[in-house]
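According to TrEMBL:
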type	residues	note
DOMAIN	42-113	domain 'VanZ-like'
TRANSMEM	12-32	transmembrane segment
TRANSMEM	48-65	transmembrane segment
TRANSMEM	72-92	transmembrane segment
TRANSMEM	98-118	transmembrane segment
Amino acid sequence: MPTKPHIYKHRWVQVIAIIGLVLMLVGIFIGGRQPGAGSMFNPPWDKVVHLCTYALMAMLIGLAFRKTPLPIVLLMTVSIAACDEIAQMYIPGRSADAGDYAADALGCLLAILPDYWIKKKLGWIKD
């Protein structure tokens, strides 16, 4: 007789995703306010870092909140990116940059497919 999947199966994925997400948010919103934080990467590498950072964040949000629909995950992540760019306007030596936000949004969008694939492999999404 087939057994029901245990409710806590793959819970470790969610726990690791939540821990990673918290660390990222602390790094972005606290670490990013430190002197010199905006000059760690020179163009065009700064855009690559933005893209990769927000792609990872979108995946972590998708895994941490596994039942959240992917369009909502995308909306949450681009909202965090917008808050980050707006907050930079109030930090001496930093500024909001539409190019950075575009790289953030593209990273969020690119993360949706891998996030969907991982959820499907874990059995969190049924056909």
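Cβ atoms are placed via backbone N, Cα and C, with glycine included.
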May I have the DSSP-based helix, strand and coil counts for the residues of the domain 'VanZ-like' (42-113)? 55 helix, 0 strand, 17 coil
Taking every residue in the domain 'VanZ-like' (42-113), what is their average pLDDT? 94
